[in-house]
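Since the structure comes first, as structure tokens, the remarks are kept for the end.
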Amino acid sequence: MAIKSLLNLNRKKTKGVIVNSKNESSFPADLMTKCPSCRKIFLTKEIETNLKVCPNCDHHFKMTAWERIDSFLDVESFTPFDEHLRTTNPLNFPSYIEKVEADMKKTGLSEAVLTGSGTLKGEEVVVAVMDSHFRMGSMGSVVGEKITRAIEKATEMQVPFIIFTASGGARMQEGVISLMQMAKTSVALKRHSDEGLLFLSIMTDPTTGGVSASFASLGDLNIAEPKALIGFAGRRVIEQTVREKLPDDFQTAEFLLAHGQLDAIFHRKEMRDKVATIVKLHRKGGVTHV
Amino acid sequence: MSKPMSFEEPIIKLKEKIDELRELAKNADVDMSDEIKTLEERLRQLEIKIYSNMEPWNRVQVARNPERPTTLDYIKEIFTDFIELHGDRYYADDEAIVGGIAFFDGQPITVIGHQRGKATKENIRRNFGMPHPEGYRKALRLMKQAEKFRRPIICFIDTKGAYPGKAAEERGQSEAIAKNLFEMAGLKVPVISVVIGEGGSGGALALGVTNRIYMLENSTYSVISPEGAASILWKDASLAKQAAEAMKITAQDLKEMGIIDDIIPEVPGGAHRDPVSQAKILKEYLKKGLDQLTALSEEQIIQDRYDKFRKMGDFIEEIVQ
Ligand SMILES: [Zn+2]
């Protein structure tokens, strides 16, 4: 199926399409888009229909959660989970809820992750897609809970769990409760794994901090998109600590691959095909010994 | 005598005054015992007032006191026949984490903890208690070893965080922490963690997926340091005091949020005032925790840990029409 025709078909609600973060372009985002990598200017539509990949230099623009679902799963196969969970303000941070509500409006999402079940070339899977347009994709209680419930559902359904990560890490406004979401998601993944089920972690730009140091790194296969920023500590913090200039490719997907931290990097255009093949390779029915 | 912390100033001043008075009485040969008695009573009240009602930022200062007992100090007092075991078997021995085997009241156990140094030289060797991936991998190796021999595991948490360095990233700091969270979830033996100083973020949690979590009264556990939070929130790290309050990082806060099981009381003025007595108090809590957990089957131990972390979170389930 042509990828272009996939777009929008899975969408059950109308979503604003977000092409640029503020620093990526100063052009009217709805019409023209400047590639932050090669600086060429394109019709926004041209980039959108190209899976948000720069036609000139292959720069992977950040996708929204719904764009990811549309480009990855089979048409109209997606059923969302737990859209009714709402964020609270456990530490009473000033204007925290207002910020969350503003991002709900901006993205059409209930929180920084969209979870649900669907099919990938006919194979049943549970997916979670983080969206960095929502509070930088940071993980608070709702994100942790939605991911944990999705993992538990995958365990119950005995199907693979696939996550697309995009997150700056733990959500500071929820304090130590957000830290504990790292543990909560990890204990759920352990159960899923103990059942012999497949977990694929697909890291997109950016995947850092507490998300990088929990489920994002726990895939049976850890995969990334090209050039994605992936790391535990922030570049500036490291530079201040070690007092040396870090290489340009530091903490990129390519850097991680070279240092043995990733199984593979997949171009967005081959993501659906390759992941579907991996899922098929993990169908139950491996060698059984009598 | 350990160095005073800023919030202790009124106590120090009063103590100096009493000493002066004593000296004066001795030299001038006059009876000032009534005055001294009054001041001593005032000192007692002042100590109670200051130490029993400490602000979060004061607790941070106590938690960071260079003379605060470390993992090895507690190991020496609480366990017998401790043998330290080194190395992750892949790359190196990270001295920011120590671990080994010992007896706890005659019962073999594995004990692991972050280890900072007290003097500069030791601190450099131990990287100020901030581990690299090999530290977490050593910890995991020792935990799996404990599981094989059915030993309970005690973890002491005391770190500002995992080390933010180039080599740490190259060797997979994220993966090392994540793997510990994942593997600790499945341990078939009882595991208890105690935050004894600072519990800084993922670098602390990597020893913290345990059946019981205790915190010493003046320890902290947080997603980000008060300085880090202040510089993000108000672009000013000097507002750390305010951030320490806003972020709710004290043992009392975590108990209220239902994240930890118990607060272990400290000796007056903080654990550094009397490490031996402090270790005795800590030991009682470990004994109580282990007694509860050794009564459980392997399945129950894993379920107990799952249930503990599964319920962590604060959210609303909106009623769907
Ligand atoms: Zn480009």
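Keep in mind that glycine also has a Cβ here, set from the backbone N, Cα and C atoms.
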For the record in TrEMBL, which of the ranges A:35-57, A:219-241, A:242-264 is the zinc finger one?
-> A:35-57
What other residues of the same chain, not counting A:Cys35, A:Cys38, A:Cys54, A:Cys57, have a CB atom within 8 A of the CB centroid of the Zn(2+) site?
-> A:Pro36, A:Ser37, A:Arg39, A:Lys40, A:Pro55, A:Asn56, A:Asp58, A:His59
For A:Cys54 (Zn(2+) binding site), what is the tally of other C-beta atoms lying within 10 angstroms of its C-beta?
-> 20
Provide the number of Cβ atoms within 10 Å of the Cβ of A:Cys38 (Zn(2+) binding site), excluding the reference atom itself.
-> 13
Go through A:Cys35, A:Cys57, our binding-site residues, and report the one whose Cβ sees the most other Cβ atoms within 10 Å.
-> A:Cys35
Give the residue counts of the zinc finger (A:35-57) per reduced DSSP state, in the order helix, strand, coil.
-> 5 helix, 4 strand, 14 coil
